[in-house]
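Asker: From TrEMBL, for reference:
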type: TRANSMEM; residues: 22-42; note: transmembrane segment
type: DOMAIN; residues: 33-440; note: domain 'Cation/H+ exchanger transmembrane'
type: TRANSMEM; residues: 54-71; note: transmembrane segment
type: TRANSMEM; residues: 83-100; note: transmembrane segment
type: TRANSMEM; residues: 112-136; note: transmembrane segment
type: TRANSMEM; residues: 179-197; note: transmembrane segment
type: TRANSMEM; residues: 217-239; note: transmembrane segment
type: TRANSMEM; residues: 273-291; note: transmembrane segment
type: TRANSMEM; residues: 303-321; note: transmembrane segment
type: TRANSMEM; residues: 341-362; note: transmembrane segment
type: TRANSMEM; residues: 383-406; note: transmembrane segment
type: TRANSMEM; residues: 418-445; note: transmembrane segment
Amino acid sequence: MVLSDFLSAAVMFSNEADHDRVVSISVYAAVLCLCIVVGHLLGENRWVNEAITAMLIGCIIGTIILFSSKGKSSHILRFDEELFFIYLLPPIIFNAGFQVKKKQFFHNFLTIMLFGVVGVFISFAIISAGSWWLFTQIGFSGLNARDYLALGTIFASTDTVCTLQVLHQDENPRLHSLVFGEGVVNDATSVVLFNAIQKMDVSKLEGRAAVSVIGDFLYLFSTSTILGIVTGLLTAYALKTLYFGRHSTDREIAMMALMAYLSYILAELLQLSGILTVFFCGIVMSHYAWHNVSDNSRTTTRHVFATLSFMAETFIFLYVGMDALDIEKWKTTKTSWKTSFGIYGIILFLVMVGRAAFVFPLSILSNHISSSSEGSITYKHQVIIWWAGLMRGAVSVALAFSQFTVYGVTWDPAHATMITSTVVVVVFSTLVFGCLTKPLIGILLPHRARENNRPDNDSTNDDVTLPLLSLEGSASTAILQAKDRLSLLLERPVHTIHAYWRRFDDTYMRPVFGGPI
């Protein structure tokens, strides 16, 4: 009798929990629809974009839930970093790789890698060291060495969504490519560096430990990239040889989507960087596999992947807005308001200094090593790139939850303070810096200047002359040509490598894996 009562109570509790979960998902879906409608109505607004709209609506909905629950909760759903990394992040990153303008991306590849990799390490060092020193100056303690190192990676991760929604790819192709490319590589580098820090022995912070972290980072970066490229090539080869489109376009689309997701999950299972893997998988699929499917599938894939990415981004910004009012974490933290505002100010200050410490010097370095035909990064462009990276977003929140909570819950006051500080910085930077982005770009890049910034059609035609020794003419002429082309290789390394790759791609890769020949 007791056992039957227990089982019936358990079933009733399970049914109630399932009912509450269904209600929560239904309400969240309705709020997502509200975000889309409001974002559409405010599409031409000077100050607000869709990311800011979703976050503001999240704050409003969180406030309503907080009052309706009498101060118990502000959430419809509880944040889970696994939900973010397994379900929400893959479609965003894959679509970024799938939709990227490959020509601009790889022409600016060296600069993007400087900003997205070297820049992350510089910003990480400044934020970690600065917070380690300044937090103790205002009387905040309770974090260990690993926490401070993780804090550097958390706030080294940028969110360029607000800037990219204002920058138009056709008007500012190079600037858009730099901001977009750096944003993706920055997120990947931050996550890889975060994972490397979790593996290091923080009890012995010395030169050997730094070398170990860099070695782990290079290993994760290279293997993750290779895995993404291999998965993309396998998908392209299967679509080209099996020709699914003769039976159904659904199979083609399903094959591309599932293989992309498989690459991400496989990278996570192998403890690699799923972000890098799925990003380069998207690039390879758009370069080869996309040309092996039917015309209907080409149109459908672009819209489907873009839609999934948009929904995931809106979901994340909406949740961050609601999480800013999480009463449980605010109650757990024992930090005074004065100290809390000091922490917020220190983090924002270090973010701005860390950003400036690499954007301006690395821009000068990029201008020095780039050819004059590619155009230099002007001071106004440098300011926009610096500003674009001041906003923090979902990756910062997810890494903070991963470091300072267990399944979204923490009872450590210092860790709770770091969670609330991360959310406050993310909300503040997105709302304040995001609202000022469109006016700032309007001032720095007037519409007339943007039109003048468009590349001429003639100038975009690449000279595919390679720095090889010509067999035509006399030996002395060949030597002179070799000297000239060697100097071209040294002056324009990215251009020359791109030219070599185009010839190799046209000759060997596209006949096997697909693409316009």
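Yeah, the Cβs are placed from backbone N, Cα and C, and that goes for glycine too.
Please treat TrEMBL annotations as automatic predictions, because they have not gone through curation.
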Asker: Excluding the flanking five residues on each side, which residues at least 6 beyond the ends of the transmembrane segment (112-136) place their CB within less than 8 Å of a CB in that stretch?
Answerer: 105, 143, 148-149, 151-153, 155-157, 177-178, 181-186, 188-190, 193, 221, 343, 346-347, 349-351, 353-355, 357-359, 362, 365-366, 385
Asker: Counting only pairs at least 6 apart in sequence, do the transmembrane segment (273-291) and the transmembrane segment (83-100) share 3+ Cβ pairs under 8 Å?
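Answerer: Taking Cβ pairs at least 6 residues apart, the transmembrane segment (83-100) and the transmembrane segment (273-291) are in contact, with 3 or more under 8 Å.
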Asker: Could you tell me whether the transmembrane segment (22-42) and the transmembrane segment (83-100) have 3+ CB pairs under 8 A, leaving out pairs under 6 positions apart?
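Answerer: By the criterion, they do not touch.
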Asker: When you look at the transmembrane segment (54-71) alongside the transmembrane segment (418-445), do they share 3+ Cβ pairs under 8 Å, ignoring any pair fewer than 6 residues apart in sequence?
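Answerer: Contact criterion met.
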Asker: Six or more residues out from either end of the transmembrane segment (22-42), which same-chain residues have a Cβ under 8 Å from its Cβ atoms?
Answerer: 48-50, 53-54, 57, 61, 76-77, 311, 314-315, 318
Asker: Count, for each of 54-71, 341-362, 383-406, the Cβ pairs lying under 8 Å from the transmembrane segment (303-321), and report the range with the highest count.
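Answerer: Out of the listed stretches, 54-71 contacts the transmembrane segment (303-321) most.
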Asker: Six or more residues out from either end of the transmembrane segment (54-71), which same-chain residues have a Cβ under 8 Å from its Cβ atoms?
Answerer: 31, 34-35, 38-39, 48, 313-314, 317-325, 327, 427, 430-431
